[in-house]
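Below: one structure, written as structure tokens.
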């Protein structure tokens, strides 16, 4: 009887050793879950809706405030308003309505999207509602925001919304192009911040290296 038990132990020993070796050296690494994207919120704490319209308003007040609006670019001979501006103060006209067009699904932080002025317009000017970034402006030594973009066009019409550490959001321009085509896209994700420059007394949205425009989104 003892001899049989001894032989049985000898037979089971390789299995135990193999099992121990497999357990210690061949652990299966399960993929870690990616963090869920955070939705962009409006001034009431509601998630932005692609089917709704919003005003882009500045966090600042008085001369530091002012809504974003569609206006005529100085010296432009185009048939339609084609510039993206910000009013000089939060006291005065309200901004032009916009809607956000994500690549798919909802509107989330740090996700590519298009921005469109959501206004009634004549057929001739329909294409002058989509935001884009223009060519390098020699006078300002930067690239100005204008309209005439194309939904889904990566080179000039893609933007992102990113959350500030304390309150509000920044807008980023994020093309999918070689770096030399966007010398201002310097962060790790190849994006540039949107701020303002003064053009003929108006605040024109443009790409900036510092002092980006801090904004909120107000549903209308």
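For all residues, glycine too, the Cβ spot is worked out from N, Cα and C.
Listed ranges 26-31, 32-37, 38-43; the one Swiss-Prot annotates as motif 'Vacuolar targeting signal' is 26-31. Long-range Cβ proximity for residue 51 (N-linked glycosylation site), meaning a same-chain Cβ under 8 A and a gap of 6 or more residues, is found for 99.
All chains included, 22 other C-beta atoms sit within 10 angstroms of the C-beta of residue 174 (disulfide bond). Mapped onto three states, the DSSP output places residue 51 (N-linked glycosylation site) in coil. A straight line from the CA of residue 185 (disulfide bond) to the CA of residue 80 (disulfide bond) spans 29 Å.
A coil conformation is recorded for residue 174 (disulfide bond) in the three-state DSSP classification, outside any helix or strand.
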